Amino acid sequence: MQFDYIIIGAGSAGNVLATRLTEDPNTSVLLLEAGGPDYRFDFRTQMPAALAFPLQGKRYNWAYETEPEPFMNNRRMECGRGKGLGGSSLINGMCYIRGNALDLDNWAQEPGLENWSYLDCLPYYRKAETRDMGENDYHGGDGPVSVTTSKPGVNPLFEAMIEAGVQAGYPRTDDLNGYQQEGFGPMDRTVTPQGRRASTARGYLDQAKSRPNLTIRTHAMTDHIIFDGKRAVGVEWLEGDSTIPTRATANKEVLLCAGAIASPQILQRSGVGNAELLAEFDIPLVHELPGVGENLQDHLEMYLQYECKEPVSLYPALQWWNQPKIGAEWLFGGTGVGASNHFEAGGFIRSREEFAWPNIQYHFLPVAINYNGSNAVKEHGFQCHVGSMRSPSRGHVRIKSRDPHQHPAILFNYMSHEQDWQEFRDAIRITREIMHQPALDQYRGREISPGVECQTDEQLDEFVRNHAETAFHPCGTCKMGYDEMSVVDGEGRVHGLEGLRVVDASIMPQIITGNLNATTIMIGEKIADMIRGQEALPRSTAGYFVANGMPVRAKK
């Protein structure tokens, strides 16, 4: 089998590339996905409110676990990644957050990455998006990804939580993806007008999958990339339960889009990476790149949970006898409780003046429950997810064998710097202050977790060690740049090799201030134009907020 391009991984970036490259009818593309189709009749991936379900099994989740995390009481921590058409956009929380403009301006400070500034990238965010409120300087009106805004009157807790943040002295922002990210406001979501999850399989592949020049293979587990000298010329994979490899050749390029955990694994199995690691598994060295699998970053978060004094939380929706009605309303009308991910309010703040842009993120949820649906509190409640955004902690992803089915060694080194501990202590104390503003007085009952007895630095640190969880935002393991630990250049091309790019969250040099999905899609759109040799979209002239030493919050 011969194709112009072979794309490994039908996720948030791979589906963008498959769709854009096949717009040229003379370009043939093979898209390989280790998971299955995104079954449209499966409410677990299609109903926004069911977002916890795909994380509980292994049909749609790789369900990786970390090595014992040394600064987290040696816990082995969850590292869920999407499996199936759509990748992690098939199982994520559907929060459409782009990050802060200064994240990208910070990337663009690196020599060779100048065209990754916010104003260079904004046109590609807009190209990908159809926002239900229409287009403007910041938002698109006819892109493949449906973005839904929060509507007034959904749940009184959302507005009360935003108002509480404002009462605590922080800014209000009408659009976390617009002129000003800093502050509290409504949160956009990747949900269609029909109340369905807007994964990249739905948004992108639906328009491309009938094209004769696109071949999609699901249940295709990539074993390794085939090289001729320093040139990538094809891919070998295992289909279904078969142990006999299938191979195809790429006339132009192999595009690795398997995500921050799998992309470095595939490079390592293919002979690209740290020479000592590859020698350990007798993998012939194709090209030494010590940065492959290093620079692993993530967002860590924790929940502050409160009893709700009024019966306005989502607690009744957790009762089995209410679920048939909720399901029917969603299935036939695309409305009701099932049509939202219920992360409809949030915010970004600076915890201290030393941060030039927000370093703490909030997601508000009108029910007290773990992200994966476990440990639901048996009463009306609400919670605040809070975590730091740009931890200095760095980890790694390293293969444990040549077997593509074996999970790698993943270590994030969460909380390995003093800055991490200071940020979490600040975050918990600021959150408590916000939760005790007048706007929440009528709703706020007792603090369920961590509990009022948890007050000292030592007590807060111990709570974080035992209870903080991943926000499922791994990135950085094939970082873009030109230093000795970089893996790809500013166009995603792997250093020292030909015909091979990495295009996914692994190429982010530094983690962004917010959820990763929107930016991963943007990366796919931007590099698709580079691959096609098209001129970049004209740089935006939109304005954006920079704090420039402004006080963190208004004095009361």
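Every residue, even glycine, has its Cβ placed from backbone N, Cα and C.
The FAD binding site annotation in Swiss-Prot covers 4-33, and the record cites sequence analysis as its basis. The active site, proton acceptor annotation in Swiss-Prot covers HIS473, and the record cites sequence analysis as its basis.
Of the recorded residues, ASP4 (FAD binding site) and HIS473 (active site, proton acceptor) place their C-alpha atoms 31 Å from one another. Straight-line distance linking the Cα atoms of VAL16 (FAD binding site) and HIS473 (active site, proton acceptor), rounded to a whole number, equals 19 Å. Close to ILE8 (FAD binding site) in the fold, though at least 6 residues off in sequence, lie GLY14, LEU32, THR222, ILE225, VAL235, VAL254, LEU255, LEU256, CYS257, ALA258, ILE266, each with a CB less than 8 Å from its CB. Long-range Cβ proximity for ASP24 (FAD binding site), meaning a same-chain Cβ under 8 A and a gap of 6 or more residues, is found for ASN213, ARG532. For the pair formed by HIS473 (active site, proton acceptor) and SER12 (FAD binding site), distance between Cα atoms is given as 13 Å, rounded to the nearest Å. DSSP assigns HIS473 (active site, proton acceptor) to coil in the three-state reduction, placing it in neither a helix nor a strand. Every protein chain considered, the tally of other Cβ atoms within 10 Å of the Cβ of SER12 (FAD binding site) stands at 32. Long-range C-beta contacts of ARG20 (FAD binding site), restricted to its own chain and to partners at least six residues apart, with a cutoff below 8 Å, comprise GLY524, GLU525, ALA528, ASP529, ARG532. Under the DSSP three-state reduction, ASP4 (FAD binding site) is assigned to strand.
The highest number of surrounding Cβ atoms within 10 Å, among the binding-site residues VAL16, LEU32, is found at VAL16.
Sequence-distant neighbours of SER28 (FAD binding site) (same chain, 6+ residues apart, CB-CB distance under 8 A): GLN2, PHE3, ASP4, TYR5, ASN213, LEU214, THR215.
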